[in-house]
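So that you can see what the record holds, here are the features copied from TrEMBL:
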- Ile9, Gly10, Ala11, Gly12, Asn13, Met14: NADP(+) binding site (BINDING)
- Asn57: NADPH binding site (BINDING)
- 5-99: domain 'Pyrroline-5-carboxylate reductase catalytic N-terminal' (DOMAIN)
- 163-268: domain 'Pyrroline-5-carboxylate reductase dimerisation' (DOMAIN)
Amino acid sequence: MQQKKLAFIGAGNMSRSIISGLIQSGYNKDLIMASNPSTPKLDALKEEFGIQTTQSNDEACTFADAIVLSVKPQMMGQMCEALQSNDLSDKLFISIAAGLPVSRLKEMLGGDYPVARVMPNTPSLLGKGMSGLYADPTITETNRQYVEDMMNGVGDTVWVDQEDDINGVIAAAGSSPAYFFLFLQAMQEEAINMGFDQAASRKMVQQAMLGAAEMVCQNPDLELSELRAQVTSKGGTTAAAVNTLIDEGLQETVSKAMRAAVARAEEMAKQL
Ligand SMILES: NC(=O)C1=CN([C@@H]2O[C@H](COP(=O)(O)OP(=O)(O)OC[C@H]3O[C@@H](n4cnc5c(N)ncnc54)[C@H](OP(=O)(O)O)[C@@H]3O)[C@@H](O)[C@H]2O)C=CC1
Ligand SMILES: O=C(O)[C@@H]1CCC=N1
């Protein structure tokens, strides 16, 4: 993996997830700097991962060859405009923000700088992330490879040729850990209603999900419907539960939720 000097501007949840994964995958901690207006998150990053930290975005910008733009989309305009007082030539920008197209990011940065978009998710924290990647045509092959290697260091990646497809990645992977957490939460709550305590109910649902996820990963040739069929005895308990989910419209609800994520990303692109 190429090891450029890498700055994260915005030291929130997603930066922390990627930094953690990078350090675990062997990225040199001395080559990573994070900047953030307030210190608690910086202090935690320094203590946990030994990276460099600063409250000055300008210092992070000067330090780095590659800069991950990792503030909330609503903060991006203000933050990028302030970066313009630095020499931004020769910098590679990597935006992880939802809903902000490359063209808009270039306007915010005030120049035709190379900008890649990465749509990661929080399991990157454990090296189990899934990221969608889009490279603006101005990005060199070496930089394209750098972005891919960096995100492969924290999980798996998929390139999209059309920038709009990043919104589909948001729906399927960026936001989707939250869907699974919600599903688990609903199951845990019902297990508690059935009389299990907090710890036992959590253990049951999380281990069942972990096992199910492993079965999916270890059986790439088996359709998901086949894996489900293997659990479902005719006339049995699983059929009763699964038919309830289907009859109550789970599949329609999931597709509606994913389309809502895409619609929101499109709306943000118009607003910001
Ligand atoms: N969370 C997720 O699962 C995913 C998030 N993303 C994208 O990642 C980006 C960051 O999201 P997330 O990490 O969740 O958000 P967080 O709110 O956790 O992190 C954003 C950080 O930016 C800091 N910040 C605010 N203003 C500035 C500034 N001017 N300069 C430097 N830092 C600043 C905030 O500091 P303070 O709190 O001190 O104000 C905060 O620590 C977003 O654009 C989001 O779309 C993409 C994929 C998944
Ligand atoms: O909720 C959001 O907007 C960000 C993008 C994907 C996950 N979190």
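In case you wondered, yes, glycine gets a Cβ from its N, Cα and C as well.
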Length of the line joining the Cα atoms of Gly10 (NADP(+) binding site) and Asn57 (NADPH binding site), in Å: 9
Neighbours of Asn57 (NADPH binding site) among the binding-site residues Ala11, Gly12, Asn13, Met14 (Cα to Cα, within 10 Å): none
Within the domain 'Pyrroline-5-carboxylate reductase catalytic N-terminal' (5-99), residues counted as helix, strand or coil by DSSP: 43 helix, 19 strand, 33 coil
Taken over the domain 'Pyrroline-5-carboxylate reductase catalytic N-terminal' (5-99), the model's mean pLDDT: 96
Packing count at Asn13 (NADP(+) binding site) (other Cβ atoms within 10 Å of its Cβ): 12
Winner by Cβ contact number (other Cβ atoms within 10 Å) across the binding-site residues Gly10, Gly12: Gly10
Helix, strand and coil totals (DSSP H, G, I; E, B; other) for the domain 'Pyrroline-5-carboxylate reductase dimerisation' (163-268): 87 helix, 0 strand, 19 coil
Listed in sequence order, residues not in Ile9, Gly10, Ala11, Gly12, Asn13, Met14 with Cβ within 8 Å of the centre of the NADP(+) site Cβ atoms: Phe8, Ser15, Arg16, Ala34, Asn36, Lys41, Ser70, Val71
Intrachain C-beta neighbours of Met14 (NADP(+) binding site), sequence separation six or more, cut-off 8 angstroms: Ser70, Ile96, Pro120, Thr122, Ser124
Cβ-Cβ neighbours of the residue listed as 'NADPH binding site' (radius 10 Å): 21
Binding-site residues compared (Ile9, Ala11) - the one with the fewest other Cβ atoms within 10 Å: Ile9
